[in-house]
Amino acid sequence: MTDFDESGRAAPAATGGIAARAMAARGTRSPDYLAGLNPEQRAAVETTEGPVLVLAGAGTGKTRVLTTRIAHILNLGLAFPSQILAVTFTNKAAREMKNRVGLLVGGAVEGMPWLGTFHSIGVKILRRHAELVGLKSNFTILDTDDQIRLIKQLIQAENLDDKRWPARTFANMMDGWKNKGLTPKDIPEGDARAFANGKGRELYAAYQARLMALNACDFGDLLMHPIALFRAHPDVLAEYHRRFKYILVDEYQDTNVAQYLWLRLLAQRPKDVPQNVCCVGDDDQSIYGWRGAEVDNILRFDKDFQGATVIRLERNYRSTAHILGAASHLIAHNEDRLGKTLFTDAADPEDPKVEVNAGWDSEEEARAIGEAIEDLQRRENHNLNDMAILVRASFQMREFEDRFVTMGLNYRVIGGPRFYERMEVRDALAYFRCVCQPADDLAFERIVNTPKRGLGDATIRLIHDYARARAIPLIAAAGEMAETEELKPKPRATLRRVVSDFRRWSELLATVKHTELAEQILEESGYTEMWQNDRSAEAPGRLENLKELVRSMEQYESLPTFLEHVALVMDTEQNAEMDAVSIMTLHSAKGLEFETVFLPGWEEGLFPHQRSLDEGGRSGLEEERRLAYVGLTRGKRRVKIWFVSNRRIHGLWQSTIPSRFLDELPEAHVEVMEANTSYGGYGGYGASRWDGASAFKEAAYTTPGWRRAQAANAGFTNTGKSGGDGWSGGRTREINYGEGGNARAGRGHNQPPRQGFGLHSSASKGGPREIEGELVAKSVVTEASRFAEGDRVFHLKFGNGTVANVEGNKLTVDFDKAGQKRVLEGFVEAV
DNA sequence: CGCCGATCGATTTTT
DNA sequence: TCGATCGGCG
């Protein structure tokens with residue numbers, strides 16, 4: 001039924017045959033691309049057969065493993081490029097993978113048609129079998145705008161108050177259901193009831209029916225339909241089973257239930273066929289729970305795939321020992337994790353510790369960070385491109401932007417409103433969609449009256465009714481009505497004009513070059529003119545974007561190809577030419593790395609965000625902590641954390657207290673900085689403000705971390721300008737318990753390194769807790785563990801247990817209550 | 001149809 | 001506080 005491109009060719013056998021010959025031809029020497037891999041990476045690449053889960057910590061060479069694995073499979077002749085299914089979440093990741101595989105195997109990736117995002121692969125499958133789920137192969141893909149407008153119509157059709165039951169809310173709900181793989185009949189009663197007095201289920205069903213009538217899909221359907229298809233048509237599924245000899249999944253921790261179901265259908269073969277599925281991910285970097293990602297997918301991999309090989313990549317090639325130590329220690333506070341500890345061999349005594357800075361308010365924070373950036377730039381000759389500011393919430397960005405504008409510092413905001421989401425671009429695209437797909441009602445609705453042509457609600461309603469009654473597309477209905485008496489002369493004439501325009505453009509599709517046609521459409525429709533006449537400040541930018549849109553079409557062969565691309569990609573590449581500091585959210589920083597990373601806003605309520613705490617409870621907090629972990633591990637060499645004591649939230653100034661995450665950083669790797677603001681540090685204005693900052697002082701005293709700081713300070717200098725609040729002293733202060741008795745702290749509470757194991761050991765009253773950076777232990781200790789199999793140990797979280805296995809400084813312990821866990825030696829003590 | 005004032009709400013975001 | 005969005009009015 002489906003004509004796969006090389007259905008006629010015999011696939012290479014998984015073993016022997018071509019593979020054997022390839023191996024033989026190469027002799028016993030391993031190929032170059034394996035040369036630079038460490039043993040774990042190499043195992044991940046070479047274990048081609050059977051299910052494999054690669055737990056790849058931040059900066060451990062995950063992408064490298066994935067791409068090398070593909071290259072390896074190809075090189076051994078185990079499969080044709082078209083027999084490898086490689087799925088990513090973002091287009092960017094897909095692009096990068098394609099490029100890197102290309103570099104490894106030398107351009108032959110053209111033939112990797114099944115490397116892409118879940119959604120793009122979903123579309124591809126769906127286009128081949130559209131009829132089987134009730135669609136036509138040329139179905140359109142709705143964007144969020146279209147979706148909302150459609151839902152709004154449905155809500156109104158149900159005579160519901162669309163104010164009380166906003167379309168957006170329902171769109172989000174449906175999105176949630178689709179993320180879970182739920183069809184209208186599957187949604188739980190409670191959920192169905194939650195919207196519009198129990199009409200949720202009907203609305204969802206009505207929406208799906210409407211999409212079918214429109215021959216359209218939303219993003220969720222790109223996963224839902226293939227799942228339904230595979231379930232209802234085992235023969236089709238079997239074809240894909242035969243086709244995909246190897247399956248690879250990137251960022252597995254981010255998969256939602258629907259993606260998981262989709263994947264499981266494809267990956268779980270009949271008994272006799274090997275399940276060559278390799279999932280790569282990091283449970284510690286799962287930060288998309290709120291949009292349906294199920295960490296559980298990664299946690300139960302070996303249950304879904306019997307006999308799975310689990311490989312941990314823990315050797316980090318990105319960050320300094322201090323950064324890794326801080327990150328590892330922080331993330332160890334999470335309970336829901338498989339447990340991994342990053343380490344590096346590259347510990348340089350010159351490496352700066354992770355800095356923690358305090359500021360008065362967000363304005364000062366922005367100013368100080370701006371200065372720090374200039375310092376690095378001027379004194380150390382750093383590129384702005386190597387620095388990034390990672391914020392929790394986008395409102396934090398404005399302060400930095402304002403400041404950098406006045407300073408004249410180049411910056412780049414990553415992740416803002418995207419190109420294809422801009423109004424003018426969407427309008428233009430709607431025109432193109434109408435030309436290519438005359439049945440695209442939503443596109444037609446969007447632009448019938450843009451620019452204003454005097455076709456108001458009334459006229460549109462009439463067209464709608466007419467189209468509905470005869471079950472024809474809007475544009476066809478408009479065409480017919482333009483010839484009847486139903487409309488008043490004026491709108492009738494306009495409508496006739498519009499319809500004939502579209503007809504004409506459609507005819508030109510075959511003959512005129514698509515970029516020229518696009519220009520012509522924008523010109524003749526009056527759309528360009530509309531913006532030329534617009535006096536607002538944005539108008540020139542919008543015209544520029546329209547030009548850019550046409551320009552970006554160049555590289556596609558036709559208008560329809562371009563539209564398909566746009567529907568799935570929704571993004572254009574950033575120009576990385578100028579040297580600029582990046583400002584982005586922690587979420588969008590995942591996967592990136594920078595020499596220097598600034599992490600502002602570490603305050604309770606903002607980070608961890610209050611809403612995560614309220615809505616997500618413990619797991620919400622853990623996700624926030626993973627976010628902190630992601631933030632820290634973006635830094636290669638320098639990480640500078642900030643918190644302030646006053647922040648404006650919803651327009652009101654609120655005093656804030658330092659984030660609990662600060663208390664979860666190991667002191668051995670952290671340096672608490674003096675208030676190094678433009679007010680000249682301590683003294684004068686700066687100090688007096690601290691003095692007045694009762695909120696800060698109180699806050700500071702309430703969290704253990706700052707009590708620690710204070711304690712350290714008390715034994716240090718006691719200049720006591722402001723009553724020894726711990727911040728009035730001179731220079732930078734290092735808080736450095738537990739590391740080689742750095743006596744500056746001057747109190748008798750130091751412990752020798754690696755003996756003062758953290759968290760539990762000396763949390764005695766009054767004295768500061770001892771926290772030892774586990775990374776130090778990890779990277780320095782090579783001697784045998786102080787524990788042996790059978791030893792009884794105590795762990796602060798898991799309680800008492802018996803050591804089952806010792807592996808370096810990692811122990812596998814059978815806890816009496818908590819079951820078997822892998823823990824770091826540093827976290828248990830002998831009983 | 002278009003403009004203006006009231007009202008609401010305010011993490012994170014991909015496809 | 002600020003901004004987007006909606007309903008009412010001219």
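Cβ atoms are placed via backbone N, Cα and C, with glycine included.
Note that the structure is a prediction, hence the values are computed from the model and not measured.
Feature list (source: TrEMBL):
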type    : residues                                                               : note
DOMAIN  : A:35-320                                                               : domain 'UvrD-like helicase ATP-binding'
BINDING : A:Ala56, A:Gly57, A:Ala58, A:Gly59, A:Thr60, A:Gly61, A:Lys62, A:Thr63 : ATP binding site
DOMAIN  : A:321-591                                                              : domain 'UvrD-like helicase C-terminal'
REGION  : A:740-768                                                              : region 'Disordered'
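Under the three-state DSSP scheme, A:Thr60 (ATP binding site) falls in the coil class. Here the Cβ of A:Thr63 (ATP binding site) has 16 other Cβ atoms within 10 Å, regardless of which shown protein chain they belong to. When Cβ neighbours within 10 Å are tallied across all protein chains shown, the highest count among the binding-site residues A:Gly57, A:Gly59, A:Gly61 belongs to A:Gly57. Neighbours of the ATP site: apart from A:Ala56, A:Gly57, A:Ala58, A:Gly59, A:Thr60, A:Gly61, A:Lys62, A:Thr63, residues of the same chain with C-beta atoms within 8 angstroms of the site's C-beta centroid are A:Val65, A:Asp282, A:Leu313, A:Asn316, A:Tyr317, A:Arg318. Within 10 Å of the C-beta of A:Thr60 (ATP binding site) there are 24 other C-beta atoms, taking all protein chains into account.
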